[in-house]
Structures are given as structure tokens and as C-alpha cells.
Amino acid sequence: MSTASPLPCLAIAGPTASGKTAAALALARLLAERGQAAEIISVDSALVYRGMDIGTAKPTPEELAACPHHLIDIRDPLQAYSAAEFVQDTQRLAAEIRARGALPLLVGGTMLYFKALQDGIDDMPAADPAVRERLDAQAAQIGWPAMHALLAQVDPATAARLAPADSQRIQRALEVWHVSGKPLSSFHTRSGKNAEQGLVSPGGFFSLEPQDRAWLHARIAQRFDAMLDAGFIDEVLQLRARGDLHLDLPSIRCVGYRQAWESLDGLYSMNSLRERGIAATRQLAKRQITWLRSMPARHAIACDTPDAQQQLLQAAMAVVAAATQARNG
């Protein structure tokens, strides 16, 4: 195979605990055996944060060493990282990776990032710390359900799709309204913006989806138990010891961290942490699968079958071979 990258990139998406990391590393190894280097671009809004390793199931040092990874450990937990920043970073990284003669692999489960990369996004107002501080103070007085009701008055379309307790997204929607005077729902994705750039090759978007939800639920429970055994609570305690992090930050709202933080705050018992963490992770997986099924161009692979990884490898290599043949004429 030519050392020049024969296609822009492949993507491996899927809900949490579906086997994305293992599949991506197996594909990278197979490509290397065929003479084609590959580099992984993480599509995960939690992996960007430093010091949040156990609760995000961050790739191990051995896995990170097996293949170059990007967009991991690029932000302090105090900082935000937007979908717009992800799109800009990924487009830049993909170009740099191709220039090195390597093949970019987009791997992760943050579906908003995938959709933003696929459709493009309108230029929304930047975060305004002063506005956020006022909104946080108001929420502390009246609660997020009441803030949700306020959002419904100025942006009913966005309020209708958000749960009253979804503080992070309610805050962002109200922030956009206060900064721009326009509802968040007026900032639409621009379908096809990136189509001509061909960032993901036709046929190259692979989705690991379970046929049996019980299989995924069992893996989620096993993963959460493994996190607890690996010292997840100690990791959260270290974050709390900094003194500058709190529940209103996107980093601490990540699934698992939020539940642990609330338990340590005394809002819930520590005995209920496992049950609440697993339930929240199941809900995340359900939302991820719903997003995936709205993406018609995906190549879905049943991740709960014994040969799921082999199916993905065969399909991915077929896309690479077809692209190589087309390039070589």
C-alpha cells in the first residue's frame, strides 16, 4: 500500500462501552501491517480534560503508545471545549496527519461533535463568563427547572428538547439569548458544509451498535465497577481538593463525575453512587444510539456479536482498498 494516505479519514462511533477503542487500535495495527500508518483523533468531550482518567475510561498509557492520539488531555477541567473548537481542531489535525502520509481515524461517542463535523455549525456567540456567573447566581436562587421555564419563554424550541435538570445546556441556551438576543434554535447546522471537503470517506463511517441492550447494560455495569475498583472516588477527591472546580463546569458534569461529586457533597448517599452512575451511563448510551440512528450514512455493525471487530476490520479495509484503487486509477 502506498505510504500516502489514500483517503481523508475513517470514523468509528458508538455508545459508551461498545468497544470503540479496541476496534480502533486493531484497525491501526492492521493498517500498519499493510504499510499504512494511522493516527487517532478522539471524538470525546470528556477525554479532552487532564486529570480525569479513570472516570472517562481514557486509553491506557500502553494504548496511547500503540498509536498516535490527538485531542486527549488538551484542556484543564476549569476550561470549556466547544463543538466549534472541535471542528476547527479536527480539520487542522486531519490535514496535518494526511501531510505525514498517515490515515486519520475519528474515534469516539460524542455525537454532537460528529454531527457538527458532518454538517458544519453556524458561528454562535462565544462564552461570556460574566453572563454565566449571573445565570449561575440566578439558578442558585430559583433552581434549574425554573431557569428552564424562563428559557421556554424566549426559546421554546430549545426548551422543548431539554430536560428541566439539564443545567449545562439550559445555561448555554440562556447565555446565547442574553449575548446575541437570538434563540439558540436559530443557530442551525448547515447541512453539507463539509461534504465537499470529504473529511470522512464515503462508506467510512462505522457505527458499533448493540442488538441487545442487555449486553450493553452489562458492559456498562462492569466498566463502572472496574472504575470504582481502580480508584475513581480518589480521582474525584483530587479534583475537589483543587478548590476551583464545581458542578456547573462541563467537566464535572460528565457522567460519573457528576454523580460522584453530588454524593460527596452529601446530596445523595455514597451507597447509591454505583446505582446512580450506572443509570446515568445507560441514559447516555441511549442518547448516543438515538443520535447514531439519525445518521443515514453510517455502516452499522452489531457490537454484541462475536465477530464484530472482524466485521469492522474487513469493511474498513475494503473502503481503504477501494479508495486506493480509485486514486491509482
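The backbone N, Cα and C atoms fix where each Cβ goes, and this holds for glycine too.
Cβ environment of Lys20 (ATP binding site): Ile12, Ala13, Gly14, Val107, Gly108, Gly109, Leu208 lie under 8 Å away, each six or more residues apart in the same chain. According to DSSP, Lys20 (ATP binding site) sits within a helical segment. If you look up Swiss-Prot, you'll see Gly14, Pro15, Thr16, Ala17, Ser18, Gly19, Lys20, Thr21 marked as ATP binding site, on the strength of sequence analysis.
Cβ neighbour count for Ser18 (ATP binding site): 28 (other Cβ atoms within 10 Å of its Cβ, all protein chains included). Under the heading substrate binding site, Swiss-Prot lists Thr16, Ala17, Ser18, Gly19, Lys20, Thr21.
Panel annotation: around the region 'Interaction with substrate tRNA' (44-47), residues 55-56, 58, 71-73, 81, 86, 108-110, 112-113, 250-251, 254-255 of the same chain, lying at least six beyond its termini, place a Cβ under 8 Å from a Cβ of the stretch. Taken from Swiss-Prot, the feature region 'Interaction with substrate tRNA' covers 44-47 (among others).
What Swiss-Prot records for 168-172 (among others) is region 'Interaction with substrate tRNA', and it gives sequence analysis as the kind of evidence. According to DSSP, the region 'Interaction with substrate tRNA' (168-172) comprises 5 helix, 0 strand, 0 coil.
The region 'Interaction with substrate tRNA' annotation in Swiss-Prot covers 253-258 (among others) and rests on sequence analysis. Residue counts for the region 'Interaction with substrate tRNA' (253-258) under DSSP, helix first, then strand, then coil, are 2 helix, 0 strand, 4 coil.
Within the chain, the region 'Interaction with substrate tRNA' (286-293) has long-range Cβ neighbours (under 8 A, six or more residues past its boundaries) at 13-16, 109, 111-112, 114-115, 207, 209-210, 300. Residues or ranges marked as region 'Interaction with substrate tRNA' by Swiss-Prot: 286-293 (among others).
If you draw a 10 Å sphere around the CB of Thr110 (site 'Interaction with substrate tRNA'), it holds 20 other CB atoms from the protein chains shown. Annotation comment: Swiss-Prot describes Thr110 (among others) as site 'Interaction with substrate tRNA'.
A helical conformation is recorded for Arg132 (site 'Interaction with substrate tRNA') in the three-state DSSP classification. Sequence-distant contacts of Arg132 (site 'Interaction with substrate tRNA'), defined as residues of its own chain at least six apart whose C-beta falls under 8 angstroms from its C-beta, comprise Gln171, Glu175, Asp248. Among the features that Swiss-Prot reports, site 'Interaction with substrate tRNA' is placed at Arg132 (among others), with the record citing sequence analysis.
Same-chain residues lying 6+ beyond the ends of the region 'Interaction with substrate tRNA' (253-258) with a Cβ under 8 Å from its Cβ atoms: 16, 45-46, 49, 52, 55-56, 167-168, 224, 227, 232, 236, 239, 247, 277, 280-281, 284. Taking a C-beta cut-off of under 8 angstroms and a sequence separation of 6 or more, Ala17 (ATP binding site) has the following same-chain neighbours: Ala57, Leu216, Arg219, Ile220, Arg223, Thr281, Ala285. Excluding Thr16, Ala17, Ser18, Gly19, Lys20, Thr21, which define the substrate site, the same chain contributes Gly14, Pro15, Ala22, Gly109, Leu208, Arg219, Cys303 within 8 Å (Cβ to the Cβ centroid), listed in sequence order. Within the same chain, residues 132, 135-136, 139, 144, 147-148, 151, 159, 162, 184, 248, 250, 253 sit at least 6 positions outside the region 'Interaction with substrate tRNA' (168-172) and bring their C-beta atoms closer than 8 Å to a C-beta of that stretch. Checking each of the binding-site residues (Pro15, Ser18, Gly19) against Thr110 (site 'Interaction with substrate tRNA'), the C-alpha distance stays within 10 Å for Pro15. By the criterion of other Cβ atoms within 10 Å of the residue's own Cβ, the least surrounded of the binding-site residues Gly14, Pro15, Gly19 is Gly19. Within the same chain, residues at least 6 positions away in sequence whose Cβ sits under 8 Å from that of Thr16 (ATP binding site) are Ala57, Gly109, Ile220, Arg223, Val255, Thr281, Leu284, Ala285, Gln288.
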